[in-house]
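What TrEMBL says about this one:
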{"type": "DOMAIN", "residues": "1-330", "note": "domain 'Aminoacyl-transfer RNA synthetases class-II family profile'"}
{"type": "BINDING", "residues": "Glu83, Gly84, Thr85, Arg114, Gln128, Glu132, Arg260, Tyr264, Tyr265", "note": "L-histidine binding site"}
Amino acid sequence: MSKTLQAIRGMNDILPEQTPTWRYLESTFASLLDAYGYREIRLPILEFTELFARGIGEGTDVVDKEMYTFRDRNDESLTLRPEGTAGTVRAVLEHGLTGGGQVQKLWYTGPMFRYEKPQKGRYRQFHQIGVEVFNLPGPDIDAELIALTWRLWKALGLGDSVTLQLNSLGSSEARGVYRDALVAYLEKHFDALDEDSQRRLKTNPLRILDSKNAMTQALLADAPTLADYLDDDSRAHFEGLKARLDAMGITYEINPKLVRGLDYYGRTVFEWVTDKLGAQGTVCAGGRYDGLISQFGGKPTPGVGFAMGVERLVLLLETLERVPEALNAPAHAYLCAFGEEAERAAMALAESLRNEVPGLRLLVNSGSGSFKSQFKKADKSGAVYALILGDDELAQRVVGCKPLRDDREQQTIGWDALAAHLATCIEQA
Ligand code: HAM
């Protein structure tokens with residue numbers, strides 16, 4: 001017997017019950033970004049592997065363990081994008097969008113792929129909405145990005161459920177000096193480190209700071225802290241950011257252990273976290289990556305951005321019951337027709353109603369059926385009215401209009417008056 005085909009583990013179907021919430025989230029965000037003057041960019045899902053290896057960094061979990069990489073028929077190594085920043089940088093360079101100091105404020109959305117251990121809020125195909133800004137070096141734009149996300153949480157009714165964590169990673173030189181100091185300290189305690197941290201000591205020591213291991217965390221209590229190694233410019237940048245957040249009334253927690261898992265960051269890093277989703281509580285994360293473009297061979301160009309996890313935000317909206325009821329609004333009317341001729345007339349009538357009544361949600365019965373069965377379908381659809389078109393109504397160019405959600409009487413309405421009648425009903429609803 002053949003095996004039933006299933007989706008790949010960690011790659012989810014988004015079923016019709018959920019898509020309205022996705023669209024609500026995406027459209028709320030898109031109109032907000034529009035209002036702030038950000039423009040959408042659409043990027044390929046596949047890129048050359050080298051882009052991510054160089055951009056995100058060898059030694060990061062994403063590059064070392066999580067990429068979906070394969071050789072195509074031309075024997076080129078390609079990778080399903082694990083995130084959107086590297087691809088955006090590649091695109092702006094390729095099209096000269098940042099040349100001559102041009103400012104770019106861009107956003108994107110779409111699926112990303114990481115071979116992670118699937119669990120609630122962590123998937124192998126997941127979706128991000130991300131923003132990347134180029135050629136603005138100051139803390140004002142870091143603050144604007146945070147303000148924009150803060151406005152989104154409020155628009156979605158999530159303002160009380162997320163908190164902002166903030167840190168500065170300093171310049172790459174300062175980070176280098178700090179890294180040496182951290183490694184020197186941890187090497188003295190090598191045997192007490194968890195296995196993952198022992199490995200990271202060689203590949204990516206800063207990531208040890210956000211180890212979940214209790215023993216490692218205890219050791220870190222006395223470790224040198226990054227804040228003590230910040231260079232003056234980074235310190236001034238960080239102060240500038242905090243002052244702007246204070247001015248806007250955006251509260252934050254400084255988290256000196258926030259380092260992020262991708263190599264390209266320097267200076268500002270931030271995460272919006274919630275305690276309502278269990279272990280996968282980061283709903284949005286980002287920071288500054290001023291060195292990334294030059295790493296790809298471009299002129300030094302400041303960059304800063306963030307990405308949010310759509311699945312996690314949908315989960316949060318559902319958990320907190322913040323999905324607006326109106327998203328699942330039923331049809332205004334369900335048109336039943338009886339007999340071949342009436343069915344034909346019903347389709348034409350439906351099209352003219354759709355022309356005349358903007359926003360009309362009208363279902364037309366498909367597959368014929370008795371009066372009883374069509375009426376049952378009309379009721380089950382949740383529609384507010386059943387419109388009835390049989391031979392008699394056809395002859396008189398009228399329909400029966402039966403309210404399905406209250407006990408008002410059925411009315412007979414002429415075809416010419418039906419659009420106006422439905423428009424009034426929609427307004428009153
Ligand atoms: P990231 O922290 O790797 O950053 O991912 C950003 C967000 O995507 C996370 O905070 C989380 O909400 C979501 N996310 C990540 N992995 C998964 C997963 N396996 N399942 C579900 N959701 C996930 C970046 O990707 C950077 N490119 C962000 C950025 C843009 N920084 C500057 N510009």
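We number each residue from 1, going along the chain as drawn.
Cβ atoms here come from the backbone N, Cα and C positions, even for glycine.
Note that the structure is a prediction, hence the values are computed from the model and not measured.
Distribution of TrEMBL features across the structure.
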residue: Glu83; record: L-histidine binding site; DSSP (3 states): coil
residue: Gln128; record: L-histidine binding site; DSSP (3 states): strand
residue: Arg260; record: L-histidine binding site; DSSP (3 states): coil
residue: Tyr265; record: L-histidine binding site; DSSP (3 states): coil
Filtered binding-site residues, from Glu83, Thr85, Gln128, Tyr265, whose Cβ is under 6 Å from an atom of ligand 1: Glu83, Thr85, Gln128
Which same-chain residues, if any, lie at least 6 apart from Thr85 (L-histidine binding site) yet have Cβ under 8 Å of it: Gly55, Gly130, Glu132, Leu262, Tyr264, Tyr289, Leu292, Gly303, Gly305, Ala307
Candidates Glu83, Arg260, Tyr265: member of the binding-site residues with the richest Cβ shell (10 Å): Tyr265
Taking residues Glu83, Gly84, Thr85, Arg114, Gln128, Glu132, Arg260, Tyr264, Tyr265, which bind L-histidine in the record, the widest Cα spacing (Å, whole number): 20
Protein Cβ atoms within 10 Å of Gln128 (L-histidine binding site), excluding its own: 21
